[in-house]
Structure formats: structure tokens, C-alpha cells
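Lifted from TrEMBL, the feature list:
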- 93-120: coiled coil (COILED)
- 14-57: domain 'Threonyl/alanyl tRNA synthetase SAD' (DOMAIN)
Amino acid sequence: VRSRGLPDDHVGPVRVVDIEGIDSNMCCGTHVSNLSDLQVIKLLGTEKGKKNKTNLVFLAGDRVLKSIEQSHSTEKALTSLLKNGPGEHVEAVKRLQSSVKQLQKNNLNLLRDIAVLIARDFKSKPVQSQLFVLHRKEGDSEFMNIIANEIGTEETLLFLTVGDEKEAGLFLLAGPVEAVENLGPRVAELLGGKGAGKRGRFQGKATKMSRRGEVQALLQEFISHRSPEL
């Protein structure tokens, strides 16, 4: 019989459940005095087991009743939220998912347009600052990279952040290669995050976005020392 063995202190008989041609295994379940104590057995389906075996998924006794109660509560909540009957829940959720995807797509397109406009506004100024700092809560990595691409980082040092103003978010430091290599790890440390970069860009995740002001001060000091005329 396939088993992991018996405990050293085991005494008494051992029950073996043998289903001819299918399985033979030691019994390790709860015993009932009569099968009627189980009340009901619900077969839920099968799943792939080891060595080409198939596992049978089922519920028995009180677990069936608890499952029905939980399903009923879920169904009742969905009926209230979706404003339709149980038979229409699946289709209603599919419509919501489709709507959310479309909204996300529209939001992404708008963010791209905003990123381009922000960059163009900066470049249109008669005198451009050597440091550009921007935070936008609803942005993402692509939003920051679009701004960096549009502005150009040969002469301007950019510090861009997105996400929660005081907690977690994403950051991007872009600019002259030497400056970014020097400042990138220090920026990540100040923001309580980690990052990596190459070719004049250093980006990563941050956990302390509330320290953005300290990063800006660090960058401004760096620029001042490299540009005596400022």
C-alpha cells in the first residue's frame, strides 16, 4: 500500500481503502458511524494529479451547506451591485470589464497628450532652467519617459515622479550621463527605493515620495556647483 509509513507509537489495526483497479491507500479521514451522517456529497470537478492521476474535488456534509450559504451571500451582493438577476451576472461583469479597458485606454492616450504638452510648454520658454521637476499622481513610467524624450536630456536634468505624493510611487532621473550616474543611486536612497539605469536615465520604485523636496534640493545644489554662473 502506498504510504509514508506509520508513527512509531502506533498500535491497533490499520484500515486500508481499496478501489479495485484505481487506488489502494491507507485511510486517514474522519470516520462516521453511518453514511447518512454525511447528509450530502457534492462533486465539484477534477484536477490534474501526479503521475497521470486525476484528483476528484468534492464537498461533503456541513461543508456543502456552508458553501451554499456563501454562494447565496455572494449572489445577493452581486445582484445588488449589478442591478440584475443571477443569470445575468456574468454578462454584466464582462460589460464592466470591457468598459474599464476602454477607459484605461482613453486615460493612457490623454496622459500621453498631456506629457507632450508639458514638454512643449517647457521648451517654449525663452530661458530654460537646467533643472525640470514634475510630479503627477495619475502618471506612469511611459508618461515620464515621453516627457524626457520630448524635452531632451543633453543639457537639462529632469526629476519626474508619479504616484502617491507622500507614500509609494515611481521616479525617473534623466539628464547628462555623468550627472545621472552620480546622482541616481543617491536619489533612490533618499526616496527609500531601488532603481537602475543606463545612458542618462535612472528610474525605479520609491516608498518615501514625501522626500521629493530633499531630492530637488540635492539636484539644485549639484547644478549650482557645476554651473558657477548660477
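Backbone N, Cα and C atoms are what each Cβ position is placed from, and that goes for glycine too.
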Across the coiled coil (93-120), what does the pLDDT come to on average, as a whole number? 94
For the domain 'Threonyl/alanyl tRNA synthetase SAD' (14-57), what does DSSP give as the number of helix, strand and coil residues? 4 helix, 20 strand, 20 coil
